[in-house]
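Annotated in TrEMBL:
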type	residues	note
DOMAIN	28-245	domain 'Anoctamin dimerisation'
COILED	43-77	coiled coil
DOMAIN	248-825	domain 'Anoctamin transmembrane'
TRANSMEM	259-286	transmembrane segment
TRANSMEM	337-357	transmembrane segment
TRANSMEM	422-447	transmembrane segment
TRANSMEM	467-489	transmembrane segment
TRANSMEM	516-533	transmembrane segment
TRANSMEM	633-654	transmembrane segment
TRANSMEM	689-709	transmembrane segment
TRANSMEM	782-811	transmembrane segment
Amino acid sequence: QQSGRKYNLFLKRRLRIDKRHQSKDSIFFRDGVRRIDFVLSYVDDLNKEWEKKLERRKEFESNLQKAGLELETEDKKESEDGKIFFVKIHAPWEVLITYAEVLNIKVPIRENDIPPMVENPLDCVLLPFRLPEKVMHPEPDYFTAPFSKDRQELYLINDESTFFSPSMRNRIVNYILTRCPYGTEEGKKKFGIKRLLNNGTYTAAYPLHDCQYWKKASDPNCDSERYTLYMEWARFLRFYKEQPLDLIRKYYGEKIGIYFAWLGFYTEMLFLAAVVGLICFLYGLFTMDENMSSKEICDPSIGGEIIMCPLCDRDCEYWRLNTTCESSQYSHLFDNVATLFFAIFMGIWVTLFLEFWKRRQARLKYEWDLVDFEEEQQQLQLRPEYEAKCTQKKRNPVTQEMEPYLPLTSQAVRFCISGATVLFWVSLIIASMIAVIVYRLAVYAAFASLMENTQTLQPISGLLTPQLATSVTASCLNFVIIMILNFFYERIAIWITDMEIPRTHMEYENRLTMKMFLFQFVNYYSSCFYVAFFKGKFVGYPGAYTYMFNRWRNEECDPAGCLIELTTQLTIVMAGKQIWGNIQEAIVPWICNWWGRRKARNNPENLYSRWEQDHDLQTFGALGLFYEYLEMVIQFGFITLFVASFPLAPLLALMNNILEIRVDSWKLTTQYRRPVAAKAHSIGVWQEILNGMAILSVVTNAFIVAFTSDMIPRLVYYYAYSENEDSPMSGYINNSLSVFLISDFPERNEPKENPENFVICRYRDYRYPPDHEKRYFHTMQFWHILAAKLAFIIIMEHVVFIVKFFVAWMIPDVPADVKAKIKREKYLTQKILHEYELEKLKERLCQGDKRATEKEFIATEGRMELSRAM
């Protein structure tokens, strides 16, 4: 019986192969001529909604045909699983030229005759990093002009079937699909493929990849650009090669192209920051043995004789300072003079990065015909969702046409609900951070007691102090909470942005970006801000400690300082996010597509069609690129806002980004359906966010150096309080610790045991000793250090800001050669258009057209002369 079933299946497949000699792994209709520009799929499920869905599909497909599109349906019997219908869509020439004019698409009018840039003398050195010229520049450079149906003779139309690239074609078809009506429901006119996907009428809508990624298409008319991208760009072994940005733009559109251009440029700039950061780290490593502070802490006659006050109430014991020997040595890796240099360097680096990116972006805008894109964007129609939900209309003062609008009262109510929701979730993050702080305070005593009484922990007790153990576990717990809150808030942010009904796509993306970034900023950075600026700052002193909620005693910094704890926090959150992000981006889609890819490799291409292969892939989604930007901008915050505490952060980011570029390119080329091409002239609102973070980073790093590191107290001691000319830093540890009389402990704080009958203990602060008339009040040295810290912040901020703004002023946003090329192209384009109009006018005069008067001819010639003069 089983062999009979196998035989029947074989016959069925044999019949399907014989039925159509043309391979189904094709991007053309059955006639082999008309290109498939888009595919819709649906399942004919016989449930209670079946008739309604059928009616919607009939109406929708009928209206698509009325709009000029051509459809071809693949019956479910032809599909691999026998359940899915596929509707293939082709846009004929008449539809393409009509909507190319509507969308203001620029097309070639003449090959560019502007000489290329002078060759770089370093090109021979950079040759191993280059890609073949055909991959880097798949098309010649042209002068372009917006398409017009009345001027078709003007454009370089060699072949109507290839004049518009596949990405342009799918953009035009998507424009029609998002606005095509499918009937009236509940008294409202319904339209757009997005609604039909949401209500299950269709299961998917996507343009096709041009071939399988691991081999070229058998059809000679197919460029096999997906295969080229995979071989030259999406494989990790090509990590050292430049990116084929022009080919990415041609295949995926400008919006995805500009993201990879920005990511590549950011990674290149990180190389300089990583090298300088590594040098600063090595300086700390090589000078570790020369650090007088850790020498004194580790010295049994100095650190071994200093008895420190208990780190928690009642349960904790007195301890000797030299037990923190190893942690004080490791703290010097990041808390040294190089930290100050690196903080100032990164303040300037971030300015150079942003200014040079503006120049790179300006060059791309010229090369990719995006110079006038802002004006084009304003001319595009409103979001379909806005048009559908806004029933009221008013006259546009510019176009004098009636268009939908959202009343001011409705906007105010929606913004209030949106603001309250965002505020609630931000409050939730702050509440979770307080919960983590309470955890730190609650378990700290347990760690301190455990490490003092457990013999098995003795070998690592010097390195793993109670402060560090608490910091590591709290950082891990905080990271888990961050991931959970992110999961829920992403869905909430999309919901409230949809509720606001933004007018245009750009407005929608900008609002969602600001909501998501605000949340992520608080979510990821709040714990780092706590450790950097609050931990150990409001402790009080023995006998008068401060308490959270009058129950948990506030945390103290490690005797070596809080900077090492900030480094730990930053490393765990940053590295954890990057590792988790790469797992999500690479492994999850791969697992989801494993079965589909297995079918594609094992079945004959005659049976496994191109549209089915792409249907089995994951959907990139309208917000796919948004999450990529968000991930990188959060990383940018880590390497700028807190970089003074961790000079290796840029190196970690560099290694992650080298992997990120290849992971993103691999998943986009192999694991996802082809996204609909979209235009973008810049990275959008992310540029403003990066500028804001660059300014904030100067302030945060100045405060970290002043208040979190021990640099300023050491400098004050070196210049004002040192008594040893031969070794100015000797005695610093003793100077930085105040004395407390144990008999002054209140019952709440006093340890249960004092087996060695200590009389005094020491604590980190600058206060008068118990035998002084101002006992336990701050000494003058405390105020000198505070004044020095504030002065340092003011000086560092002003110096870095002056250098930043001077550098920004010195570097023009648009390179001089690009400005000249833009002017030259505009002039030549106008000249070509005017000559074309003059020739048409001459033809009309020769044909005896009375409307083509001599005055019109003179006016046209005069306009050309004026254009030349300009």
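In case you wondered, yes, glycine gets a Cβ from its N, Cα and C as well.
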Sequence-distant contacts of the transmembrane segment (689-709), meaning Cβ under 8 Å and at least 6 residues beyond its ends, amount to 335, 339-340, 343, 346-347, 350-351, 354, 513, 517, 532-533, 537, 561-563, 566, 633, 636-637, 640-645, 789-790, 792-793, 796-797, 800-801, 804
Per Cβ pairs under 8 Å, the stretch of 422-447, 467-489, 516-533, 782-811 packing most closely against the transmembrane segment (337-357): 782-811
Given 259-286, 422-447, 633-654, 782-811, the one sharing the most C-beta pairs under 8 Å with the transmembrane segment (467-489) is 422-447
Do any residues, 6 or more residues outside the transmembrane segment (782-811), come within under 8 Å Cβ-to-Cβ of it, and if so which ones? 343-344, 347-348, 351-352, 354-356, 359, 694, 698-699, 702-703, 705-707, 712-713, 715-716, 720, 765-767
Can you work out the mean pLDDT of the predicted model over the coiled coil (43-77)? 88
Taking the transmembrane segment (633-654) as the reference, which of 259-286, 422-447, 516-533 gives the largest number of Cβ pairs under 8 angstroms? 259-286
Any residues 6+ beyond the ends of the transmembrane segment (422-447) with a Cβ under 8 Å from its own? 311-313, 315-316, 466-467, 469-471, 473-474, 477-478, 481, 485, 489, 492, 496, 515, 518-519, 522-523, 526-527, 530, 548-549, 552-555
